[in-house]
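K.L.:
Straight out of TrEMBL:
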DOMAIN    150-237  domain 'PA'
REGION    245-273  region 'Disordered'
DOMAIN    331-517  domain 'Peptidase M28'
DOMAIN    584-683  domain 'Transferrin receptor-like dimerisation'
Amino acid sequence: MAQFLHRRDLMRLLGSTALTVGVAETVSVRTATAAAEPRAPRHWEHALQQEVDAGSAARISEAMSTYPGLVGTEGSARRVKYSTEKLTEWGLDARLESYSVYSSVPKDISVTMTAPERRELDVKEPPFPWHENFDDVVVGYNAYSPAGDVTAEVVYVNYGLPEDYAKLAELGVDVEGKLVLARYGRSFRGVKSKVAEEHGAAGVILYSDPEDDGFVRGEVYPDGPWRNADGIQRGSVQYIFQYPGDPLTPGEPSKPGTARLDPSEAKNLPGVPTTPISYGQAEHLLVALEGPRAPQEWQGGLDFEYRIGPGPTTVNLALDIDYQQVPVHDVLVEIPGSKYPQQKVVLGAHYDSWTYGTKDDVCGWTTVMETARAMSRLREQGWQPERTIVLAGWGGEEYGLLGSTEWAEEHRDDLVQNAVAYLNLDGAGGGRNFSASAVPALDGVLTDIAKEIEDPDHGTVYDNWQQASGEQHPVPGRLGSGSDYTAFLDHLGIACADVGMSTPAGEYHSAYDDLHTMRNFLDPGYTHHAVAAAYAGTFALRMAGSQTLPMAYSGYAGEVVQYLKALDEKQAADPVVDLAPAYSAAREWRAAAKQLEGAARNPGDGRTWRINAALIAQERALVQDEGLPGREWFKHMVYAPGFYTGYAVQPLSAIDDAVAAGDSATASQYRDLLVESMEQAASAARDGAGR
């Protein structure tokens, strides 16, 4: 396995970047004197914003939304073919990079209530007249669930979180050998399977309660955007909190010749059969349950008193699931940089979907495609980025971030050396409300761009963001996992952001994530697809064209101080680890980063390369070879998903978990690694500032 950056490697990064950028600057001075007078970078940003078009986005979306696009199927292949043909038609050099990934394929899924009455439950939604190719829509199914045939009593476990099982223990309810019925929400679905497995459950049935995304929230499909009684939320239960990607090749690309684990050795494969049903079908199970009354906070939206069981509701869960190697294709376009061609700004979204996926994620890939089309028009007018722009369509995201993870692992050395930033666009155009998450270093540029991009409903995207967040000065959230930025940030230490446009709705991963929902409820007219493309394109042009990269790490260091304070509050009554060395390192880093930011405002001749190299190196410094305890693939010392959230970020995850467990040795070990990372970041910043 390739090694990650130690202190000496960071200095080597600074030195090698200095060499390549210095040469590039010399070449560019020679060529610029012979060329026509260049247009200012902001001119090109404005030109791109004028070029993106809602009608074009609608045509792209509609072309890919009339058939399902599940990884490994003919529909996925059709999307790849359509995308590469359109990109080529626009004069861009599209290529595929492909992987063979160990994956699950459902053969037969059945859920049968056997007591107190017999009822075979529906495992697929009924179609509406406008649905084409509906036979190709996969049944309700959880990817990477093991096969199994289980008959057992049912226990209702609320959201299936650790605290829910603690409550069951208080009530004297044991789930060992039972089928647990858990609501979707409040954590990644794979966490629900993992916690059930830890408690000895025989299987898991998941459902979306109407209180969360159904009729309690508003009009249901097809008359409104919310989930109807038939809508089933599919999804992967791969344990991505252990590692995403091919279960058999963690840390390495799933290519011919790569050593593969035996499936029994794969830490991210669930051990308990799991499948989803609709709330219309779950009602039959819930209404028949007896036993203790569910706590008030466990009561959902169905019109009866929820009880916990076990029984008398009994269910046979029969999952016939095959495991095989499945092809995963990534669609890539590179627009070469004129001045710093080695450096890369990457924009990406996945194109695969559980069903039609007009929202998730045809709209995100449409945003990237429309951005690509606009950039192709700019090239015709003479534009070329100074840094290389990579536009990526990831395959297999829905199964476990497959395409992006394998690509990042394959190109690890190049990305660690040369990637400037990654912008993720999962669901970017699929609604009216703007949101953003990022590492703190990118907060400023994300906010600046939001203030510049027009929004048809709110004036600017920033106005939209204020209204959607309810905050006068909205700030991006922080990244955990759950989408294609994961390998870039958590594994490689590349500055990442994730932006999107959304409208509250309940179509997620159901057969009703379709053109009807998009056209009528989420983004009629596709105007916000165009807004998302304008935003994404502007980000790419700015990151690829700025003389000094628009990144800042002093606020990042300041946030680490706040995370440390939160940890100290947790351990106030029973101290586990002395965090004083970490406070000191964070403050030293903040001071050095401020020096670098001062130098960046007035770089002077010949210093830009060193400043930019130092900006890039600071994020790299935050990854450590050791990785997090028990899940070594995650190497970022500041940000990672929580083990029991799967999606949501848990800052300083290793120390936080050790403090909660009273594990002083592990807490001290990871405090020292955090200190080392921050010292490396501070050293890089001082070097870039010339101090």
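Numbers here mean position along the shown chain, with the first residue as 1.
Every residue gets a Cβ built from N, Cα and C, even glycine.
TrEMBL annotations: computationally assigned, not manually curated.
Remember, it's a predicted structure, so these values are computed and weren't measured experimentally.
Looking at the shown structure, what environment does each listed feature sit in?
P.N.:
Counted with DSSP, the domain 'PA' (150-237) comes out as 23 helix, 21 strand, 44 coil.
Listed as Cβ neighbours of the region 'Disordered' (245-273) (distance under 8 Å, sequence separation of 6 or more from its ends, same chain) are residues 1, 99-102, 144-148, 150, 190, 193-194, 196-197, 201-204, 237-239, 317, 319, 323, 328, 400-402, 405-407, 409-410, 487, 491, 631, 633.
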K.L.:
So what pLDDT does the domain 'PA' (150-237) average out to?
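P.N.:
When the pLDDT values over the domain 'PA' (150-237) are averaged, the result is 99.
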